[in-house]
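A.B. asks: Okay, here's the structure, questions in a sec.
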Ligand code: ATP
């Protein structure tokens, strides 16, 4: 496929505001792509060169792009800047300058593969003189492209190709490509859940349909999508739901998925971002585990070994950083409470029942003499009163509560189910838990806030069945002035003209500024109520759900993807529990 053809698809995707239309356009794109290029096309569609969990970055600031464009089109840097001032988008600037320049002989000759290879080369430049070299390589590429191709080839290195869909939309589109409907998504998704490389999945499926996917295996280095817990309000409800069960403390740190193959270690966050560089002590301890290949999961938490006390989440979370790592590792050493095992010595374990996975996990970690790893405590319960006592004990130790696990359940990669149930400390208010909501946009402020240009946020929950975001609240409280400024800055970096395709919002609630799906904020409310305006959980003419007295509790959860926001299904359940 020529890159200009791909760019035309980008253009179509960019201008559609319906999730379904997007799925069909992508399906059309995938059916025209060859198996050899479909993986690269998937990454490019998401504005990347590698799967989401890998980091292979361009590290190219906007100001360098001025130089690239000046060089590519033989213009003065100031002229490029002026045009940018007018258009507000460097992709648009490239398109305009390329059109001005007129026909370029080699235009039609650039295939997706060729452009991908060149971009790859640009991102890979390192060492002395790398900035200059990057500029030259990229300018050479941009100069050879047709206007529409140049527009998108410029946006990719700037991380500005935001077409507004996720890996999930791609899964639907793959189904659509073969069947003209989404029915195959259910069959494709389990493979994606154990191997979260969307390019690899698309390629295997393109090559040999579902049979092709059979070749997808769990491999160390490719993350497995995490399982999530359902919640229940008390021990009786839990025992009534799953009977005899295991309960583990709910450690309040951050989740880590750790992969080891020989001496190669990868540590992924809940969001499946590669974090190995931030946790040198976990990497070192993993290398010492006496198996050659393993994938396991645990919760990392700051731990004071003198006092044997856990550190509060606010301290632990300081370890999630890219700079000053060594210093912080000394200040806040981490302990990883391991709780699940997915893979061991080439063998896939996620389909085995919990109690068997757990047994093997204990076997491995009992042997490892490590200060970093500890096995998460586990007890078996049949009676609600005993489970309740265990829960109370954990609360008194300063923990969040417990995670209860069904003894015979497989690991439910990529989904939220009752195989795991979280039972958390009660907090004031009828609504016990906080909600993770996606920021859809913001409204300009009135009164004092008018000065900030932001007065309230429109937030949404995730409708996983339809892969769309539905509005649930307008929030104007809970933030300090500094936080309003900060959130505005974050929002402005993701601002778009029209309503993003996957947003469902009643027109009376349209915010003044729309924001692409990216920012997840933690919200508390007194109650879930019914609403004629909000679309969360709305079916036909029925009312949707809204939040009463919503306020922001934690500005942003960078470890959560938009699709990790609280779901409509959870809201419906929480409403039922009230
Ligand atoms: P929350 O905000 O309540 O932690 P979440 O949406 O981040 O929820 P869930 O999957 O719903 O995540 O709840 C389980 C979370 O609890 C996991 O993300 C994990 O990080 C954490 N956790 C702590 N201890 C355990 C444990 N023993 N077993 C499983 N998960 C645990």
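Glycine is treated like the rest: Cβ placed from N, Cα and C.
For 250, the entry in TrEMBL reads active site, N6-AMP-lysine intermediate. Here TrEMBL flags 248, 255, 270, 299, 339, 416, 422 as ATP binding site. TrEMBL lists 327-451 with the feature domain 'ATP-dependent DNA ligase family profile'.
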A.B. asks: Work out, from DSSP, the number of helix, strand and coil residues along the domain 'ATP-dependent DNA ligase family profile' (327-451).
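C.D. replies: The breakdown for the domain 'ATP-dependent DNA ligase family profile' (327-451) reads 37 helix, 43 strand, 45 coil.
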A.B. asks: Through the lens of DSSP with three states only, how would you label residue 270 (ATP binding site)?
C.D. replies: coil
A.B. asks: Give me the Cα-Cα distance between residue 416 (ATP binding site) and the residue listed as 'active site, N6-AMP-lysine intermediate', rounded to a whole Å.
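C.D. replies: With distance taken Cα to Cα, the residue listed as 'active site, N6-AMP-lysine intermediate' is 16 Å from residue 416 (ATP binding site).
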A.B. asks: Do me a favour and check the Cα-Cα span between residue 299 (ATP binding site) and residue 250 (active site, N6-AMP-lysine intermediate); whole Å is fine.
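C.D. replies: It is 9 Å, counting Cα to Cα.
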A.B. asks: Could you state the whole-number distance in Å separating the C-alpha atoms of residue 422 (ATP binding site) and residue 250 (active site, N6-AMP-lysine intermediate)?
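C.D. replies: With distance taken Cα to Cα, residue 250 (active site, N6-AMP-lysine intermediate) is 8 Å from residue 422 (ATP binding site).
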A.B. asks: From the Cα of residue 250 (active site, N6-AMP-lysine intermediate) across to the Cα of residue 339 (ATP binding site), what is the distance in angstrom?
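C.D. replies: Rounded to a whole number, the Cα-Cα distance is 10 Å.
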A.B. asks: For the ATP binding residues given in the record (248, 255, 270, 299, 339, 416, 422), what is the largest pairwise C-alpha separation in angstrom?
C.D. replies: 18
A.B. asks: Near residue 416 (ATP binding site), how many other Cβ atoms are within 10 Å of its Cβ?
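C.D. replies: So the Cβ neighbour count for residue 416 (ATP binding site) comes to 18.
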A.B. asks: Mind giving me a neighbour count for residue 270 (ATP binding site)? Other Cβ atoms within 10 Å of its Cβ, every protein chain shown.
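C.D. replies: A count of 18.
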A.B. asks: Taking the Cα atoms as reference points, how far is residue 270 (ATP binding site) from the residue listed as 'active site, N6-AMP-lysine intermediate' in Å?
C.D. replies: 15
A.B. asks: Translate the DSSP assignment of residue 250 (active site, N6-AMP-lysine intermediate) into the three-state scheme.
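C.D. replies: Looking at the DSSP assignment, residue 250 (active site, N6-AMP-lysine intermediate) belongs to neither helix nor strand, so coil.
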A.B. asks: For the recorded positions listed here (250, 255), tell me which residue's CB has the most neighbouring CB atoms inside 10 Å.
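C.D. replies: Neighbour-count leader: 250.
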A.B. asks: Return the count of C-beta atoms lying within 10 angstroms of the C-beta of residue 248 (ATP binding site), excluding that atom itself.
C.D. replies: 22
A.B. asks: Fewest other CB within 10 angstroms, which one of the binding-site residues 299, 339, 422?
C.D. replies: 422
A.B. asks: The domain 'ATP-dependent DNA ligase family profile' (327-451): mean pLDDT?
C.D. replies: 90
